[in-house]
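Asker: Input: one structure, supplied below.
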Amino acid sequence: MLTLDYHPTGNHFLQIPGPSPVPDRVLRAMSLPTIDHRGPEFGALGLKVLDGIKQIFQTRHPVIIYPTSGTGAWEAALANTLSPGDHVLMYETGQFATLWHKMATRLGLSTEFLGWSGEDAVLPAAPGWRHGIQADRIEQRLRQDREYRIKAVCVVHNETSTGVTSDIAAVRRAIDAAGHPALLMVDSISGLAAADFRHDDWGVDVTISGSQKGLMLPPGISFNALSPRAIDASRQAKLPRAFFSWDEILEMNATGYWPYTPNTNLLYGLSEALDMLLGEGLDNVFARHQRWAAGVRAAVQAWGLPIQCADPEVYSPVLTGVITPEGVDADAVRRLIHQRFDLSLGTGLGKVRGRMFRMGHLGNSNDLTLLAMVAGVEMGLKLSGVKLAQSGIHAAMDYFSAHAAPRALTHAA
Ligand code: PLP
């Protein structure tokens, strides 16, 4: 238990899959004095971030920036494009898909929740939570909908509760193959700026994201990337919306401003994060996360514990879900690791609570901070009485040693 006069030495290891560790460069940028959000300097900042964020979404179309968490941006996406009673097709990949589905129902939409059709021996209570979306199931369902009752297909790109990604291009192909006019809305809250995501190429109508994951910012701002079809849909949509309404925001954004007081200091942070990510190059950013994920998975595989994602094709580059042996409470292991080693891991959410924990490999990390995470988890598992097949820390060290980073540091002799 922390008391006010107790401060652990060294850095806390924030290895949950978001909020991610924030680089000092971003924190320093955020500490600049707050400026007049109607003044000339602000307009320049607004235009810079509104342009830069498009490059991150890989889109030519507008991106809305809200001063809310990702949940607000979920609501904005639905409220701007749909009308009461509209039917939406959603897909259960895990807890975040489940929460978005619940929100859509609460907003007065008629919802349908497709899911994986098989069984899972390791996590029988959550059979679909180890796999990505089966796009052919979406295609089949859309083909049955001859009257086009389904107005939108809503899916999660990187399911943060499981560590499984989904092939969004395949979902687009499924919609096109069925010749269906439904909008495609994608939650890439934890995928963006870590896993490859292409809003325009993949024909996404609304992409929802947040600041506190791949963008390496604190929580507090979130995004809707739009397509021209989504903007057209918003002109007919009748769900109530005011604060979240795209029209007034788009109008003011044209000159770099917002209709209300925006989150100035988080926008300083965003500007800095954009410089870092775009300076590195998105392909390098994606390769960096893939490599980190492979190093962490090498450790989990050496321990002999199941990775939650059952399909290597869709392993998340952002986080790895680790299933604990039957009878070992994953949350007790997490608590012990936090108490003993000042290391936070993600808890199992919803249907998998207590059966797994999540190791984040995103944000301001590097090989050595990830090795510290692996070491902390390995010690915690052993202290919890879990029998490990082999040393994971050595497996991760071997992986990182054998696979140089795409842009390893070089020093002059
Ligand atoms: N969707 C996904 C995939 C998430 O990972 C999260 C948060 O972790 C959310 C939605 C909800 O976002 P927020 O907690 O920022 O409201």
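Glycine too: its Cβ is placed from the backbone N, Cα and C atoms.
I grabbed these lines from TrEMBL:
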type	residues	note
DOMAIN	39-302	domain 'Aminotransferase class V'
MOD_RES	K213	N6-(pyridoxal phosphate)lysine
BINDING	R358	substrate binding site
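Walk me through the surroundings of each of these features.
Answerer: Mean model confidence of the domain 'Aminotransferase class V' (39-302) amounts to 97 (pLDDT, 0 to 100 scale).
The DSSP secondary structure for K213 (N6-(pyridoxal phosphate)lysine) is coil. Around the Cβ of K213 (N6-(pyridoxal phosphate)lysine), 28 further Cβ atoms fall within 10 Å across all displayed protein chains.
With a 10 A radius on its CB, R358 (substrate binding site) counts 26 other CB atoms from all the protein chains. Following the DSSP three-state reduction, the secondary structure of R358 (substrate binding site) is strand.
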Asker: What is the separation, in Å, between the Cα atoms of K213 (N6-(pyridoxal phosphate)lysine) and R358 (substrate binding site)?
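Answerer: Pair distance, Cα basis, whole Å: 14 Å.
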